[in-house]
Structures are given as structure tokens and as C-alpha cells.
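Copied over from TrEMBL:
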type	residues	note
COILED	31-58	coiled coil
DOMAIN	1-257	domain 'Major facilitator superfamily (MFS) profile'
TRANSMEM	86-103	transmembrane segment
TRANSMEM	115-136	transmembrane segment
TRANSMEM	143-162	transmembrane segment
TRANSMEM	168-191	transmembrane segment
Amino acid sequence: MVSALVLVVGFWILPESPRWLMANKKFEQARSLIMEAVERNEKDKEEAEQKFELLKVEFEKEQPKNVFGKVTVFDLLKSPVLRKRTLILFCCWFVNSFTYYAMSLNTNDLGGNPYLNFAIAGAVEFPAYAISIVIIKRIGRRISQCGCMVLAGCSCLLTIFFSGQTLWLKIAFAMLGKFLITASYGILYVYSAEIYPTVVRNVGMGSSSTIARLGAIIAPFVKELGHATHENVPFGVYGTICILSGLSVLLLPETRDAQLPDTLLEGEAFQMTLEPLKGVAKHPEDPGHQ
């Protein structure tokens, strides 16, 4: 609680997003922040000023004032494309959180040394997050997300086939699954934020996080399901839902090196191509239209 209160100081220290400021016609504040960054990084001020003016013209032309006003979670479900993507992301957040916490709680039931199992399950998180940073830059967000979830599911399913003298293989595949689902979790934060248009990004990430908490709440009960039925049932559940959810990611667009959408209609136009259609006509129901 005390450590969380320290973050409140960030309200006065951290600057506002220049993109948000420009979208809301607060150009002078945006200019001040951008020029400060240019000076700190020792870049060409004249070139930065020219680029800023070009961006200013684009934002003035495309987006009316207060583009971020009156946005709710229901705006995520109004349009067909955004609704599909939102439901897929909700599923991914639920499955990632559920599997991550369930596997963290299930290390004692793998057999062998419970302390060693727990230590390994915690240790794999460091390389998992590090590798996730590399692969999203090298092969993109969509394939990385899909690959990590599907491979995590396969690893969980493979644990079912080992016991007794091959118990070490069961533990190894379980730890591999924990490694992959951890990497997937890290990727999902980046990927989700890039898929949602700027106008609903905060709402989208907040609602996704809420769905993830539901998965975390349910996770301990699946462990008890294994005690009531069979020890392999939990890992069978983890594996199945990870594979299905991972494959659904293929229905989402790639966002690496893409020009991210700002309004809902730009998000609709952001299909499987790298760039949304800038300057599309605004619709009265779009929160970007006043």
C-alpha cells in the first residue's frame, strides 16, 4: 500500500502524452513537451519544429476538439471490427491471467522437490520478459502472441504423458509452459495497447485488465478440481484454452511498424494492413465527432 502511494508523485512528475495533447487541440503544451525532448536528446530543433507544424495541420484537419470525450466501455462493442478484436483480446487476457496464476499455484502438485519447483517457476520469469521484448521486435506482435500461447498450451498438454521415472520431463514441460505464458503476458500488454484506437485505448486496457482479474480469481479453483478428479485435469484445461485462445490471435492485425489508429473509424479501417486509413470521414456516433 505504501509503495503504491509513492506512484502518486508521478502525477506531478510525468508529462502528458504529446499525442493526446495534440488530439485535444492543446498544441502549445504539446509543442513545449516535444521541444524539451528534442533539446534533451540533442536533435535538430528546426527540423522538429517543421515536423510539428505538419502534424498540427493533420490533427486540425482530421480530428475535432475533445476527441476523447464521452467514451465508455460500450464503445468497444458498437462497431463490428472493434467488437471482434475486443472479444478476442478479452479472451486472451482471461486465459493468460488464469493460466499464469494457476500454474504458479500448482507447482507443489507437480511432484519432486516443491521448493525447487517453486524457485524455477519464479526464475523463468526474468528471461521470459527479456525474450518477449526481442521477439516482438523481430517477428512482430501477432505471431509472437499466437506462438507463445499455442506453445504454452502444447507444453501443458505434454505434461499429461509423463510420470514416475520420467517425472523430470513433466516438470520440465510445466516450467516451459510457465516460461511461455509469462512471455505471452508481457507481449499482450504491448499488443493490446497498439490494437485499440487512441480514443478508447485507456478504456480498452482497463476493461481488459478487469477481465484478467476474473481469470486470476478462478485460477485457484482449478487446482482443487485436479484434487477432486485427476491430477492431469488442470494441465489439460490450461493446454486446451491456451491453444484455442492463441489461434484466435491470428484474426487480429499485425501492429509492428504500423501507424496506429486514433479514432474508432480509423480503427475499423485498420484491417490486416500496416496503416489505418487516415482522414476517413467521421461518423456521428464516433466519439471523435462532436
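Just so it is clear, glycine is given a Cβ too, placed from its N, Cα and C backbone atoms.
Outside the transmembrane segment (168-191), and at least 6 residues removed from its termini, the chain residues within Cβ reach (under 8 Å) are 89, 92-93, 96-97, 99-100, 103-104, 106-107, 110-112, 117, 120-121, 124-125, 127-129, 131-133, 135-136, 141-142, 144-145, 148-149, 151-153, 155-156, 158-159, 162, 235, 238-239, 242, 246, 252, 255. Long-range contacts of the transmembrane segment (86-103) within the same chain, counting only residues at least 6 positions beyond its ends with a Cβ under 8 Å from a Cβ of the stretch, are 76-77, 121, 145, 149, 152, 156, 174, 177-178, 181-182, 184-185, 188, 192, 195, 204, 207-209, 211-216, 218-220, 222-223, 234, 238, 241-242, 245, 248-249, 251-252. The average pLDDT for the domain 'Major facilitator superfamily (MFS) profile' (1-257) in the predicted structure is 88.
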